[in-house]
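S.K.: This is the structure I want to talk about, given as structure tokens.
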Amino acid sequence: MDAASTVSRSGSMAYPKSNSSVLMAKCQFFVRQHTTAVAVTIFALSFILVALSDNLSDWRAQSAGALRKNVGALVHPTGIENWGGAVHAGYFANPDSLVPEKGTLPFVAVTDLDTLSKVTGGEKPKFRSVMAPGTITLGSDGKYDIKFDKKTRTLVTNHNEAGRGAEFSELSIYNKRLLTFDDRTGDVFEILNTNDGKDSYVVPRFVITEGSGETDKGMKWEWSTIKGGELYMGSMGKAYTREDGSIVNTHNLWIAILNGRGELRRENWADKYETVRKVLHATDPGYLIIEAVNWSDHLNKWVFLPRRISSDAYEEVQDEKKGGNKLVLVDPDFSNAQVVTITGISSDPLRGFSSFAFVPGTNDKHLMAIRSVEEDCTGGEGMVCKQRSYFLLIETLTGKAISDEVEFSEGLKFEGLEFVNMFTKPPTIV
């Protein structure tokens, strides 16, 4: 390249020549010419900064004082953890803080009515779930008595996927928020109280898609638990298959984890579910349907109560009769798993575990569980779907039933359970 065709960077319009000493001299000249204006500007800016600092201190002090003074009230929006866009902090007591009164503890269960969740009539589609509060009482014989309140509550939402919604499959208290999970839409709902704790309603906080997240279908939630201060949410632990057994996708082998800041991550649990399948002799072509999983800090174990256990290939009519009677204790790293057989319960193969919660104050040695039934619910010709639910308590480490199996009086399928006082009065937001 000859000299005529070369353009030096210093002489280019794209890289103008710069001289720092010249620039400094110009600045000094400007200040000398406008000394008064510069001084006034600096003074004004200093005054504004001091005023803002004082106001910020006053605002913080007032907010802190309001939080201290307003017992039973929440200051809005100052000082509130806005998890999932909420305008309030959680107010339901965590289960492990419940203190039995005369050996009695409150609980609540929530339904997944499948297609029966749809509310008939009305211009816009609505969907419902039933909440049933109750209590358990420990007797002198070491057995529990289960009683339900006379009045249930109905949760209603318009959120749906393809005409189905409010199919709530679990309950968990996370950071004092009572949460429920829709296995059709992938919604994570918060249950809030109203009318001084006499009624409840739901508000969607998150919508989470299935699998790795690169899908447009809501996650089919079946279980949730708290571990390490985070909310773990999972599906049924079975790949979605065709009639011939070939795999369509493995989205339901993934789980999602939310933290206290509302940040979400996902984990592929295929290997972890496989560990549980192996000890239950349910590897291919067999399968498990898992709807009840909890982490125990006291036992330092994962606890699984599979709903369906089969060594045969999946077939939807026969699947209704694959109800399990096994509990699996799994080490934190899933390196070892122990099977416990549940004893003292009905051998009805239609009954399968759909949820459980550890009994507060027992160091997770006792748990309360739901065994749900779906009979003739596959949609075959002439079939009339029948649903029902049974509640019982079990010793976690031995599998021994420590209560009678109590059937809920109405034909409803419950799939979520938590120890909580549903009559908690909501705090005032001011």
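Placement of Cβ uses the backbone N, Cα and C atoms for every residue, glycine included.
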S.K.: Going by TrEMBL, Ser169, Glu170, Glu222, Glu291, Glu415 bind Ca(2+); tell me which of Ser347, Ser354 is listed for that site too.
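M.R.: When TrEMBL describes the Ca(2+) site, the candidate it includes is Ser354.
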S.K.: Residues near the Ca(2+) site, Ser169, Glu170, Glu222, Glu291, Ser354, Glu415 excluded, by Cβ within 8 Å of the Cβ center?
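M.R.: Close Cβ neighbours, site residues excluded: Asp112, Asp183, Trp221, Trp223, Ala292, Arg307, Ser355, Gly416.
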S.K.: Can you count the other CB atoms that lie within 10 A of the CB of Glu222 (Ca(2+) binding site)?
M.R.: 27
